[in-house]
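Q: Grabbed the feature section from TrEMBL, which reads as follows:
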type     : residues : note
TRANSMEM : 21-39    : transmembrane segment
TRANSMEM : 51-70    : transmembrane segment
DOMAIN   : 89-598   : domain 'Cytochrome oxidase subunit I profile'
TRANSMEM : 112-132  : transmembrane segment
TRANSMEM : 194-213  : transmembrane segment
TRANSMEM : 233-254  : transmembrane segment
TRANSMEM : 275-301  : transmembrane segment
TRANSMEM : 354-376  : transmembrane segment
TRANSMEM : 388-413  : transmembrane segment
TRANSMEM : 425-445  : transmembrane segment
TRANSMEM : 457-483  : transmembrane segment
TRANSMEM : 495-520  : transmembrane segment
TRANSMEM : 540-559  : transmembrane segment
Amino acid sequence: MSRIPVADLPLLSQASRRIPPVFKGFIWGLVGFLALNAIVADMSQETPHQYVTQVSVVFGWIGAMLGWVLGTGTWEAFMKPAFGRMSSWQEPSGWRRYFGYSTNHKVVGIQYMVSSAGGFVIAGIAAMLMRIQLMEDHMWLFQFPQQYLSTVGIHGTIMMFSVGTVFMVGGLGNYLIPLMVGSNSSAFPRLSGMSVWLVPFGILTVAFSPLLGDWTTGWRGYEPLAQSDADGIIFYYLGVFALLLSSLIVALNLTATIIYKRAPGLTWNRLPMYAWGMLAVSLLNIIWIPEIMMTFVLGLLNKIVPLPFFTALGSPLTYLQLFWLFGHPEVYIVVVPALALWMEIIPVMGRKTLFARQWGIIGLVFVMLFSGLVWAHHMFPTMRNQEILPFSFFTEMISVPTGFAYMVAIGTLWKSKLQITTPTILVLMSMFNFLIGGLTGLFLADPMVNMQVHDTFFIVGHFHFTIIGGMVFSSLAALYYYLPKFSGRMYNETWGKFGAVWVFLAFNATFAQLFVIGLRGMNRWVPVYPQYLQPMNFEISIFAILLGLGFLFNIVYILRIWVKGPVCEENPWKSKTLEWQTASPPAEHSFASVPRVVSGFYDYSDDCKSPSAPQGKIGIADT
Ligand code: HEM
Ligand SMILES: [Cu+2]
């Protein structure tokens, strides 16, 4: 028998440390699931004995979540020291640090962005499957209608809760906000090091939900309908719960960071627009996420106990009210970051002072305040006439503060020296698409029109214009704009514009037609439809596939530049905001000394003046 020479031991432990912590998380998660599921299944009285019951799978899932989150590094780096024990934790270096727990807000931001992009790809594949099914008027790709409906649900759920809610807030927010406020870390770095791992976990839970059976309620999990679904709905509730928990932690972290971690001189008056946007969104999240999480817990208990909250104890409308009470603000959770980003990019690209900045902030804040007042416009068909009126009114009113943000963008563009770069055209495209989404939304606020087009593809057209048109196009703009910051490398304008124009044309060709086909009578949530709609559906699907390929092109191109694009200068856009006053990519501690802010960031009338003076030593930069 050979023994390991003592001298080699440190190397051995180094080698084991080199295994990315995600593998450990995966094993611990698997063990967690098997252990808790087995214990609970064993306690059940059912004969014949079942290895997976509704209750056991819920506990198994909780075990899996704990195992995964602890295994990815939370145990070593966070829990052990919290229990007063020695931690052997060392953050891995190089690419490995992205595959485990990290307290660095830039690593966490990138982890959020990559997880979210993974969700985008998975949910995008689901979209392609739906569009392929809809190329024909009869069942041909899917065997049963429930499979189509599960796909709709998986697509919508992952898109809303892991892309719409996460990319620009958890991803860009975590990366940018500490930099924007001149701090070297976020307020709760250890918490966000953990919360990011809930995202891939939640996405996979939803994506694998059909393992427990198809569910048919879409991204909204409607009760009491969900009770007649197969058990897949359990994974819907659980997966969304994990995703929402992650977003809630992000919201707490960003709010605290913006309030408490601002550099000296960074008054509310000088706070960058994206930070204002993140503050508004985080407050929305803090108000509404707990509400919807509890609603999902009620739905879950209804399924596994059962506790009939939405039938015997309440009315079937109870769930609708509770869901849309969150569901409408969710739309603004998705859109407010996009509005804020326009106001961030346009002054830089136009070399012009932000127009009517205070009105932009008022717009963001009032959109936030109004968004909780309009939920019932999603359920007009369930209401009496006199109940409808106030909701119709408030829905139309919300376009006023949204309009403020819009006017700030337009006013800044007006007579500016606009540089036509890829981020610029993506922002302009986002503004154009969002305008169409907004205008069709005004139609829907009108009860008469609403009754006509309710649950048709008109609605599908409207919300995709708002969400893809507004939020996804802005996210792409942000990716191109901040690519030099993230990677120190610059994309090629020709290829960037090619990617932007590709998705813009394919997007409009696909989704503008949905308004028409909706008016002609194409219902949503149906894999089978009248024959006269088939040619148009076929054509829409072709454009949808082109759009999917366009997104793929942009993702692959951005990744390629990130890894091996040409190195560029540190502040290629000559922006004045603080995140650009650091190295690109920023060093481990972004600011060597705390910056002192001496003026606002958006005055480009004099191109040379810098708003921040690196202050000698007014204290060691906090970590
Ligand atoms: C290539 C891009 C996309 C295509 C082709 C696409 C296509 C579709 C289709 C065919 C439906 C089902 C309509 C029905 O039968 O009711 C749908 C629903 C939906 N989509 Fe998309 N989609 C895309 C991107 C997105 C994105 C980026 C988001 C959000 C971030 C999104 C959010 C939703 C939501 C929330 C639903 C509703 C699901 C439900 O009713 O439960 N989609 N989409
Ligand atoms: Cu709404």
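Each residue, glycine too, has its Cβ placed from N, Cα and C.
If you look at the structure here, what lies around each of the features I listed?
A: For the transmembrane segment (51-70), same-chain residues at least 6 beyond its ends with a Cβ under 8 Å from one of its own Cβ atoms are 25-41, 44, 79, 194, 197-198, 201, 205, 212, 231, 234-235, 238, 242, 300, 303-304.
With a threshold of 8 Å between CB atoms, the same-chain residues lying at least 6 positions outside the transmembrane segment (194-213) that come near it are 25, 29, 57, 61, 64-65, 68-69, 72, 74, 78, 101, 108, 111-112, 115-116, 118-119, 122, 147, 150, 153-154, 157-158, 161-162, 166, 170, 174, 229-236, 238-243, 245-246, 249-250, 253.
Tertiary neighbourhood of the transmembrane segment (275-301): same-chain residues 58, 165, 169, 173, 177, 180-181, 221, 223, 226, 233-234, 237-238, 240-241, 244-245, 247-248, 250-252, 254-255, 258, 307, 309-310, 319, 322-323, 325-327, 329-330, 332-333, 336-337, 339-341, 343, 360-361, 364-365, 367-368, 371-372, selected by CB-CB distance under 8 Å and a gap of 6+ residues from either end.
With a cut-off of 8 Å between Cβ atoms, the residues of this chain six or more beyond the transmembrane segment (354-376) that come close are 273, 276-277, 280-281, 283-284, 287-288, 321, 324-325, 327-329, 331-332, 336, 339-340, 343, 346-347, 383, 387-388, 391, 394-395, 397-398, 400-405, 407-408, 411-412, 414, 600, 602.
Residues 159, 163-164, 167-168, 172, 175-176, 331, 334-335, 337-339, 341-342, 345, 421-423, 426-427, 429-430, 432-434, 436-438, 440-441, 444, 489-491, 496, 499-500, 503-504, 507, 511-515, 517-519, 522-524, 551, 554, 558, 561-562, 565, 573 of the same chain lie 6+ residues outside the transmembrane segment (457-483) yet bring a C-beta within less than 8 angstroms of a C-beta in it.
With a threshold of 8 Å between CB atoms, the same-chain residues lying at least 6 positions outside the transmembrane segment (495-520) that come near it are 421-422, 425-426, 429, 433, 436, 440, 453, 456-462, 464-465, 468-469, 473, 476, 480, 533, 536-537, 539-540, 543-544, 546-547, 550-551, 553-554, 557.
Within the same chain, residues 117, 120-121, 124, 127-128, 131-132, 134-135, 472, 476, 479-480, 483, 491, 495-496, 499-500, 502-503, 506-507, 509-510, 513-514, 517 sit at least 6 positions outside the transmembrane segment (540-559) and bring their C-beta atoms closer than 8 Å to a C-beta of that stretch.
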Q: When you scan the chain for residues with a C-beta under 8 Å from the transmembrane segment (112-132), skipping those not six or more beyond its ends, what do you find?
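A: Cβ under 8 Å, 6 or more out: 98, 141-142, 148, 151-152, 154-156, 158-159, 162-163, 166-167, 170-172, 174-175, 196, 199-200, 203, 207, 250, 540-541, 544-545, 548, 551-552, 555.
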Q: Over the domain 'Cytochrome oxidase subunit I profile' (89-598), work out the mean pLDDT and round it to an integer.
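A: So the average pLDDT across the domain 'Cytochrome oxidase subunit I profile' (89-598) works out to 96.
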